[in-house]
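So the structure is just underneath, and the comments pick up after that.
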Amino acid sequence: MEFVVSPFAFLIFFFILLKMIAKNFKNPKKNTKPLPPGPKKLPIIGNLHQLGGGLAHHILRDLSQNYGPLMHLKIGELSTIVISSTEMAKQVFKVHDIHFSNRPSHILVFKIVSYDYKDIVLSQYGNYWRELRKVCNLHLLSPNRVQSFRFIREDSVLNMMKSISSNEGKVVNLSEMILSLIYGITARAAFGVWSKRHEEFIRLESEIQRLATTFVLADMFPSIKILGALSGLRYKVEKVHKKVDEILEDILKEHRNNNISIEKEEEEEEENNGGKKDLVDVLLDIQKNGEMETPFTDQHIKAIIFDMFSAGTLTSTIAVDWAMAEMMKNPRVMKRAQEEVRNVYNGIGNVNESKLDELKYLQAIIKETLRIHPGTPIVHRETREECEINGYRIPAKARVMVNAWAISRDPNYWPDPDSFKPERFLGSEVDFKGTHFEYTPFGAGRRICPGISYAIANIQLPLAQLLYHFDWKLAGGMKPEELDMAEILGTAAQRKEDLLLIPNSHSCSSLKQQV
């Protein structure tokens with residue numbers, strides 16, 4: 001067979017080569033301290049060829065075992081630092097946190113869907129980001145605000161339990177049900193109501209998540225602007241995002257019409273207990289009252305709302321799915337968890353949030369799930385300026401990948417790290433707050449996830465209800481040891497196969513009287 005190179009592909013390759021040669025002439029190498037060790041780089045593509053054919057966090061872990069916990073890669077033209085140990089994570093998240101406080105820029109999909117980085121997750125470190133963080137801590141995701149969504153959580157989870165109960169003895173796709181549940185909770189918290197249009201919004205958001213996993217050459221060579229313009233992905237993302245934007249525009253318009261002013265007694269209620277406002281109301285109030293020193297347009301509000309769905313739902317959805325899968329694979333853990341929740345809520349017939357703090361073993365299960373299966377296995381940062389770690393030079397504008405998945409399976413800190421053992425967290429001081437660098441499922445430092453309490457609230461109650469009301473069997477007579485625990489990596493690390501289970505109501509459940 002004759003191998004033919006298209007003229008267009010050759011021109012692109014030739015253009016990249018000329019661009020990189022010109023860049024090297026413009027920025028000649030200086031006699032500086034060395035970069036961290038790493039595998040040899042090929043011309044133009046660097047180490048790009050070594051990152052294909054598997055899950056990135058697995059590949060990076062394997063490379064770090066040869067080149068060390070502080071490793072340098074070249075991904076296209078991007079200088080990339082990979083962190084794979086607790087000690088190096090501390091350097092990034094604490095010692096040099098200010099130097100590593102940016103998020104990666106010039107990512108095609110994220111640039112479009114975040115309205116040019118106007119959201120919380122992807123905005124660059126500076127005055128605007130600091131103001132957004134303050135808004136999150138005081139208004140959007142404060143303890144009072146999260147508590148104000150308690151009715152939404154309890155009502156939504158109870159409805160899912162009723163749906164499962166109506167299918168007792170039949171196979172249910174628990175993965176799909178969990179996804180629908182968490183999206184529904186977030187939609188009601190953000191928009192105040194649930195409608196068919198919000199279902200369309202969720203479908204579009206899922207499509208963007210899928211597109212975000214596509215390999216984009218322009219992301220590897222951001223200095224070559226023509227690559228982004230020529231990318232077929234740009235058209236697809238812009239087409240989907242246009243529909244998302246239309247829905248968000250309608251939502252903002254409706255909220256403005258329905259909630260022009262707030263009476264004084266409502267303001268007092270807002271201050272005392274989180275009020276009845278949804279998140280769109282809160283953002284519109286901030287805009288109307290001029291509480292931001294930096295510009296705060298409708299685009300900023302829409303970017304933040306989209307954040308709530310993309311970042312605010314995936315972690316909880318994936319964690320509940322993984323936790324149930326791990327308990328199905330480890331019947332000993334399932335049995336102990338069911339006994340705990342049924343004892344704590346004995347005689348009540350249902351589970352609410354009043355006694356969740358008493359479920360210590362369930363809390364340990366959640367922590368262990370997020371250790372073995374962190375929703376974001378790689379925490380991404382970008383350096384603001386050059387710094388030095390362990391005698392190595394860390395360039396400015398370098399991409400940084402903290403392999404949280406590898407660190408949380410480090411046998412130096414976690415005995416028998418690949419086994420699911422919630423008991424390791426009983427009596428342990430290790431928590432989600434980012435101060436224990438061997439365990440950072442929500443990141444750490446100044447850019448730690450601001451929605452930890454919101455995420456955990458959306459994980460605890462569904463799990464407690466699933467454990468309380470039902471005994472579970474794997475579909476098709478599958479044995480626990482046969483359950484497929486393979487993962488796929490999109491914008492988060494989720495199970496490859498949906499979790500198909502057969503529910504049977506437990507005698508303590510009062511659901512049958514409610515269905």
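Placed from the backbone N, Cα and C atoms, the Cβ positions cover glycine too.
Feature annotation from Swiss-Prot assigns heme binding site to CYS449. Annotation comment: Swiss-Prot describes ASN173, ASN259, ASN352 as N-linked glycosylation site. Look at Swiss-Prot and you will find 1-21 tagged as transmembrane segment, backed by sequence analysis.
Taking the features listed in Swiss-Prot, we show where each one sits on the structure.
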{"residue": "ASN173", "record": "N-linked glycosylation site", "DSSP class": "strand"}
{"residue": "ASN352", "record": "N-linked glycosylation site", "DSSP class": "coil"}
{"residue": "CYS449", "record": "heme binding site", "DSSP class": "coil"}
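Calculated from their C-alpha atoms, the gap between the residue listed as 'heme binding site' and ASN173 (N-linked glycosylation site) amounts to 29 Å. Rounded to a whole value, the Cα-Cα separation of ASN173 (N-linked glycosylation site) and ASN352 (N-linked glycosylation site) is 24 Å.
With a 10 A radius on its CB, ASN352 (N-linked glycosylation site) counts 16 other CB atoms from all the protein chains. Most other Cβ atoms within 10 A: among the recorded positions ASN173, CYS449, that distinction falls to CYS449.
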